[in-house]
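> Let me begin by handing over the structure; questions about it come next.
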Amino acid sequence: MKTFHGPTFGTAVFLYLLLFLTSALEEGEITSKVKFPPSSSPSFPRLVMVGTLPDLQEITLCYWFKVNHLKSTLTIFSYNTAKNDNELLTSLEKQGAFHMNVHGAPQLKVQCPNKIHIGKWHHVCHTWSSWEGEATIGVDGFHCKGNATGIAMGVTLSQGGLVVLGQEQDSVGGEYDAEQSLEGELSELNLWNTVLNHEQIKHLSKCAHPSERHIHGNIIQWDKTQFQAYDGVVLSPNEICA
């Protein structure tokens, strides 16, 4: 396994998320993980995507994450535009319920059958379609209770905004809150401009053969999309399924 020396505290560097991760183990493919240390003003550990998203009328957002502490609301994915500070937002509250905001519409809040365990990797997928406003959240391959229709129905998510991982933006690229930050680890975050079916999502959530488990995002692809790291975020090898 190759060693990666991540960004130091207070620096910003470009991360190419799979420069050194090309081999595989029998028990699970080696991939990259990003560690977010605790936030405290003025330090807000985060990844900021280089570039923006296109207009979107359907999405699937999937990722693996591990929580170190669950004392308050944890923000995983925040996409803001000049017109809307919650164009797309996903988070986990301390009671264990997942939230998804789309285009500032009333948020989807669901309680999932699989409890989130501190220090354990979990796989999460969010889907949304503008056509009927159908939104779902699933954890570890299982649908959560409370999936709904009528969420931002007929809406198009606008291009031109900023994607931030690990912090919630209250303005584009700013106004972060330490009480809404991720303290933990994140891996294999991918975004598609379509809704994946249940079987595809189940494959992504399992420690299966890489050809079955990995369906790479066509909007954000973890091993190719470029990010900047701030305030002590560290990239290292990771074996999710080991």
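The backbone N, Cα and C atoms fix where each Cβ goes, glycine too.
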> What does Swiss-Prot give as the disulfide partner of Cys144, choosing from Cys112, Cys125?
Cys112
> From the candidates Gln180, Gln200, give the one listed by Swiss-Prot for the same Ca(2+) 2 site as Glu168, Asp170.
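Checking Gln180, Gln200 against Swiss-Prot: the Ca(2+) 2 site match is Gln180.
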> Any same-chain residues 6+ apart from Glu168 (Ca(2+) 1 binding site) with CB under 8 Å of its CB? Would you list them in sequence order, or say none?
Thr75, Ser78, Leu89, Ser91, Tyr176, Asp177, Gln180, Ser181
> If you compare CA-to-CA distances from Thr60 (phosphocholine binding site) to each of the recorded positions Cys112, Cys125, Asn147, Gln169, Asp170, which comes out shortest?
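Closest by Cα: Cys125.
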> What other residues of this chain sit with their CB within 8 A of the center of the CB atoms of Asp85, Asn86, Glu168, Gln169, Asp170, the recorded Ca(2+) 1 site?
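After dropping the recorded site residues, what remains is Ser78, Asn80, Leu89, Ser171, Glu175.
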> Between Asp85 (Ca(2+) 1 binding site) and Tyr63 (phosphocholine binding site), how many Å separate their Cα atoms?
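Answer for this pair: 22 Å between alpha carbons.
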> Using an 8 Å cut-off from the Cβ centroid of Glu168, Asp170, Gln180, can you name the remaining same-chain residues around the Ca(2+) 2 site, in sequence order?
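Along the chain, the qualifying residues are Thr75, Ser78, Gln167, Gln169, Glu175, Tyr176, Asp177.
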